[in-house]
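Asks: Just dropping this structure here.
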Amino acid sequence: MTVIVLSGPIGAGKSSLTGILANYLGTKPFYESVDDNPVLPLFYADPEKYAFLLQVYFLNTRFHSIKEALTQDNNVLDRSIYEDALFFQMNADIGRATTEEVDTYYELLHNMMGELDRMPKKNPDLLVHINVSYDTMIKRIQKRGRPYEQLSYDSTLEDYYKRLLRYYKPWYEKYDYSPKMEIDGDKLDFMSSEKDREIVLDQIVDKLKEVGKLPEDWDKSTDIRIEA
Ligand SMILES: Nc1ncnc2c1ncn2[C@@H]1O[C@H](COP(=O)(O)OP(=O)(O)OP(=O)(O)O)[C@@H](O)[C@H]1O
Ligand SMILES: Nc1nc(=O)c2ncn([C@H]3C[C@H](O)[C@@H](CO)O3)c2[nH]1
């Protein structure tokens, strides 16, 4: 069937929507390594020291996931290798990587993307990008409660998050590995509103039909009610 990749800033709702979508379409969810990621807390405690190591860690896990997803041809990924350079470029731009690290990273990324070109299925079928404003992003980060992501943990995080949002717009516009669509993550509360969840799923199903990945008469009778 289809390989769908999600994208969007921190706390946009990618993991949440991945679960909902995979369940709805009857496909397999792939989640980013976060709670079991040993480098992430080190990075937030000392970003200058750990930016490169964290990126190599994520690049490796993302490469693994996309390769598996493209082989099995029936998956939803909560964040993919296509966003990797966005994060590293931003960290490099604020001085958290040396020229040698930047050059090594891009060479490695280039090599890995070359491997994907050799896969029987080279690209995902759809990118679903969740847009959120700064205020929504912060609310969600607070709601989820990872200590090292909170503004109170490090006063420079406000600038970091605002900058991240600025990097996403051109990244999304330039992304051309597959058809793509945007979800309004500020307006659509697909976590607690059944109506909003239905709207989001309808938008994605319509797009999958438009790009020929679902038959026009496809209809899903799965229960999408919010669990109590
Ligand atoms: N549309 C939404 N409406 C309301 N709450 C939401 C929505 N999307 C996500 N949330 C809540 O926001 C928090 C972050 O969501 P989630 O972990 O899915 O984000 P994410 O994009 O995967 O984050 P990250 O980039 O850090 O992995 C969770 O507590 C989730 O329940
Ligand atoms: N530096 C850096 N590079 C990445 O590629 C990357 N991808 C995710 N993250 C951070 C954001 C959330 O805190 C948390 C979960 O998304 O991990 C990243 N940080």
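Quick reminder: no glycine exception, Cβ is built from N, Cα and C everywhere.
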Asks: Given that TrEMBL lists GLU32, GLN55, ARG79, ASP84, GLU149 as binding substrate, which residue among TYR44, TYR160 does it place in the same site?
Replies: TYR44
Asks: Below 8 Å Cβ to Cβ and six or more residues apart, same chain only. Which residues does that give for ARG140 (ATP binding site)?
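Replies: Residues satisfying the criterion: GLY11, ALA12, GLY13, VAL132.
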Asks: What span in Å does the substrate site cover, taken as the longest CA to CA distance among GLU32, TYR44, GLN55, ARG79, ASP84, GLU149?
Replies: 19
Asks: In this structure, which of the recorded positions GLU32, ASP78, ASP84, ASP189 has the fewest other Cβ atoms within 10 Å of its Cβ?
Replies: ASP189
Asks: Which binding-site residues among GLN55, ASP84, ASP189 have CB under 6 Å of ligand 1?
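Replies: So the answer is ASP189.
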